[in-house]
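Database features (Swiss-Prot):
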type	residues	note
CROSSLNK	4	SUMO1 cross-link
MOD_RES	1	N-acetylmethionine
MOD_RES	672	omega-N-methylarginine
REPEAT	14-53	repeat 'WD 1'
REPEAT	64-103	repeat 'WD 2'
REPEAT	110-148	repeat 'WD 3'
REPEAT	195-233	repeat 'WD 5'
REPEAT	238-278	repeat 'WD 6'
REPEAT	284-323	repeat 'WD 7'
REPEAT	692-725	repeat 'TPR 2'
REPEAT	809-842	repeat 'TPR 3'
REPEAT	971-1004	repeat 'TPR 7'
REPEAT	1042-1075	repeat 'TPR 8'
REPEAT	1142-1175	repeat 'TPR 9'
REPEAT	1574-1607	repeat 'TPR 14'
């Protein structure tokens, strides 16, 4: 931000006279300054003082100097100023909108202490601080004030955030407090925010932080939640004073702080999120700054000083000029002022989110603003100052903007159309469309206000080329979709968005009504269409007619004018609307009827008075009449009855007008008497209902007001006596009977005997009613009444009287009914027949006269035929067996299917004449197959063939003809027919006939005869494709002969003979055509060749002009030269391309050379300026003398080349001496050198090099050595010879290099000698450094050929101990390596040992490795899977090593699924108490208890092994640090479980211990947290079942089935635990991952449980003992006492306890004695083993081994 001083608004005084406060108005038009004299000065935006007024004290008695103004702020509408004073009051002055308006106080707010600061952030809300520490709010609307929050400290400063919805107050104790009216979703906290080190007199709230400063000369920036962001410390600056005031820019991106003679400016850097100080503005003698005010648009900053001065500064980051028409002033990163340089108008463009404005463009005829930020898009209308900011992600600048609509900007990007309404910060809508053309999109945004509609925003656009979508942009939903049959090329909604006009590519204009979803085509050949602005009138052009729809609701009513031009536009203004028509070169205006236009607008706007006024100016026409009717309807709906009355008067509807006039008088009278709307009066409402013929509504309105008389009067006036009497009956009116009599008398007086009869009938007087009916001439009604009453039927005279009347009146059917009723069937039948009541006659005849039925059916059919009801007659004729009549009726009724059905039932003779008639019908419907079948049935096959022939269906006709005619006859017929067609010029039909009879050649001949070559070619291509090219060529030649060259061209080209075409045009002298064909059809150079020939035919200047025109002059010269036309080439180059002449000479020379004319060629080469080419020519021909002659005369530089060429010849002849001499003459010793090298004459090469090119001698020597190396053995010998030569010459270094170059190429002995010789020479004669290099080079090479000892000795000569050791190691000479390490450098002994170990490991020599590194050996055994050897070897090591590898082997076995082997491992080697092994022990235990087939006597040894291992582990744990740990306790539980399993297996081997085994299975259930719960319950249930404990078996097995279901479902949540309440069987157990019991055994259990549950004999209760608890539960539920488990059964020991030495171990005496007795009787070794284990586990057995007491 840069500050530039503009002007001084108020000059400073000599002494202290501080400006107390300043403020800018919200509209940027006014600036207020309050001076020390308490006077407010008002300035305009340009800095001119325009007004002033004095403030007043709270009480005049204290005088005008009794207070100071501490705060001042403009209202949001800029028409008021609030003044905060130290005499405890705030005044609000209304200053008005114009300068000079009277200043009046409109509000005042008295406070309890001095006002210290003040802000006016929102309408009606003033916020201010008091000296007592409170921050309060004054409401200008209610004239009341209230406290927002209070502190105990003086309020020194007050500021708001950028939006004005939050306030920040600074207090004398340094506290800064924040309060929000609306946090705008930021979620920031309220209340005390921070405690500043000093009173924050300078306080500003920017967008991203809070800036505070004061007397400590430090500026601190705080974050949104009060944490310190930055500190700017000026306390050490002797020039700086305290900071007195601060202000934030309107965008919140900059802050200015005032101190003494200085303004400090800070700018927020968004990318780094820090404040950065700009260069301070220092002004000498400005003194202390007391007030700052920033203009709302950010462009000006005003500064008030201690001496009363006010300075104005211009603020901006940068300025730019846009297209020399607009000035762009960036007053902040997020705020730009756009100024029109011509008009001076300004618009402030600002990002409300604080984003940096990156680029501003002015588009759309320089009216619309477009600007981008990183996250948003800014849009604006410069004319209306409406601005929008919407979220917008950058899309690479690919957006397209359309500004055709003044209310909305259309943005098109990546197939998506976005609409933004100017002035709205949300997108109006977004749709997908690929058609971004303003003519294919129509947006209407509140363009005409309508009655009852506040917001109307609609969009019409194309979804695809034939589908229009209409969207309500407010609701965001689709309100219509128009699918059209052809492409839409223009569309537009009317201004109200109710009608859509669109035109398709066929120039048809359609109108779509959105509410009714109806589409109407209103105009054809429409070239122009437009809605008249401000109305729903439509103007369109149809050819020479101008069409105008004044009332679009009646699209069939159109006004048309004849015009003689094209409509180019519409102009509306000055009270008239004109259609502009371009007639020739003049523009003619056709004026439309403004009244008709205005009428529609007035109607839509609901202004019916205006509409009436319009219509009264018009003459009555059909259009005007329609408008009056529309207005009358709308006026009635809106209850504007006077207007409706006027409408009906205009329409000539006098009755309605009079009725409305009376209604209006009633309404007016009510309005005068009672006030309000008279139309709400009940009589008015009832009369309006009567006007709409809604008499029931009128009745209801009357009766609601209890106006019964009025309701009855209404009906009487309308002569609606029935409704009148009904009202009287409903309300119990006393005049009811009188009404009825009056009604009857009125009926008789008006001769309404029928209605009177109905009245008498309803009252039950049948005779009177009949008499009246007969009098009225209604015998049918009399008959109906008689038929319903038996007593009247008995009156014979009456009945005869009625029947006579009926017959007289020819009401035969009714008479028949009466005769039938009185049982006179004969007369009834006659009457029915006369009255054509055949249905009743047939029904009666079936009962009374069956013989007559057939005749009646035929008569019925005849009657129906007379009535033209032929369809109905068919069935009656069928019933009457009149087939011919039925067929004719069916044919007459066009019931063809019925006719066919009836015909199929007739004999062939009868039917044959009718089939062709039906066939003709089907032929007319083009249902030829059915027609053919019918013709065939009617023996009219020829007609069928004719039918097919006339229909052009020759194939079917041919097929049919072949059936009934001989093939040759068919061919003759068709060919004859085809010839007739040919004569008539119907060639296509003739062709089809020829082709049908397989004679396409006749058709081809026909077309050729008539020169219809296209059709001829078509047929040839179809029937003789192999002859197509020949045909084209033949036709081409024919046409060429006839001079029809264009047609001939076509055929030549189709025959792929473009050259023939070119030749044809050349022969005819049509070079241009020939050139065209060659260019388009030939290859890349064909046209050039033709152009060349064309030019050659012209010759001279004409040829040059032509070739220049075609741009082919150079190409032609080249072509002529290339084709040996040198005369033409020289002619062209001479005339136009002189620079090409040497090139032509050159080509001519080359031509002559090829021809062998060397002397002429030499002359041409020299003319071409290419003597070197002549030299080369002679060299090529080995004419050395001529070559040298030309070179010396014309190209001295080539002399050397001639000599070189001659030398090359000498070399080829092996004349090396001559060649060398020539090369040296040519000063080319290098070439001589190369030739000797190529010839392998290295000695000569070295000689030449030494004499003439000594600088290359060394390189040549190296090359020679490389060459020798390549040659292998021969090369090696050369190296050795060379090395000896160098050695003899004392060149030891070179000799060494030669020796080193010797490679092992099959002769390793020689290589070794050479290398050793090199080493020997280097050690003897070369310096140490070189010596070292040689040895280090020779050593690896000796090792490479297996001479490790020799290499090691070399290394040892130079004390390279490690390299020597490495050589011995690589040679696997370990003893030598160890000896060298031991004797020369003991540090390498470990190095040798390590490599020896690695060697043994790599070689797999584990047995040898054991003696060196046993751990490595063991690891190698593990790697090789030799576990037995590994364990065997480890056994010989210490206990720790052994168990490391035992654990590894056990882990391997467990992974392989061999847990039993792992267990055996620990049985053999013991189970140490290593925590690392715990998981192994647990896994072995888990696998054992989960394994199948272990519930048997045979499994004893497995369980015993597990038991013994766990016992060993527990004994070891007691001695370890893990004693009594949770792991120890868990293993003790596992030991107990293993003991139970082992004891159970032992008991299962002895019959008498079955119950012991069962009890152990039951006892194991209390440990199901460690066991597979389903397996445990299954085993317990089966054991209980085996010993006859059915109750327990049922409960356990039922639980087992529940568990299997739970495993399938994957959850235990559904289990019922009620059976196991008050037991120690756990509920919370792990859910097994799989079933542990096979499917068959599960099904067996399921069947048993189902059987038992069906018997209902068992009680589902577990057995209980003397404790009242479950007998196997250790814990008594009632007492909580826990009993010890018996070592033999696991059951609780309640009495007869035998205790063992180890505490906690006991047995039940009975069980113990039983177990001992079983051992004694069975001598079971496994039981004895159990006893042995118990003795070991429990510290010995009880003293008495057997106890039977």
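Each Cβ is built from the backbone N, Cα and C atoms, and glycine gets one as well.
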Integer average pLDDT (0 to 100) for the repeat 'TPR 2' (692-725): 79
Cα-to-Cα gap, the residue listed as 'N-acetylmethionine' vs residue 672 (omega-N-methylarginine), nearest whole Å: 71
Neighbour tally for residue 672 (omega-N-methylarginine), based on other Cβ positions within 10 Å of its Cβ: 9
CB within-chain contacts under 8 A for the residue listed as 'SUMO1 cross-link', separation at least 6: 313, 314, 315, 316
Conformational class of the residue listed as 'omega-N-methylarginine' under the three-state DSSP mapping: helix
Leading stretch by Cβ pairs under 8 Å, where the reference is the repeat 'WD 7' (284-323) and the options are 14-53, 238-278, 809-842, 1574-1607: 14-53
Tertiary contacts of the repeat 'WD 6' (238-278) (same chain, 6+ residues out, Cβ under 8 Å): 1-3, 159, 161-162, 201-209, 211-217, 219, 221, 229-230, 232, 284-298, 301, 303, 313, 315, 331-335, 350-351, 354-356
Per-state residue totals over the repeat 'WD 6' (238-278) - DSSP helix, strand, coil: 0 helix, 22 strand, 19 coil
DSSP-derived structure type at residue 1 (N-acetylmethionine), helix or strand or else coil: coil
Neighbour count (Cβ, 10 Å) for residue 1 (N-acetylmethionine): 21
Tally of residues which DSSP labels helix, strand or coil - the repeat 'TPR 3' (809-842): 25 helix, 0 strand, 9 coil
Secondary structure composition of the repeat 'TPR 2' (692-725) [DSSP: H/G/I, E/B, coil]: 25 helix, 0 strand, 9 coil
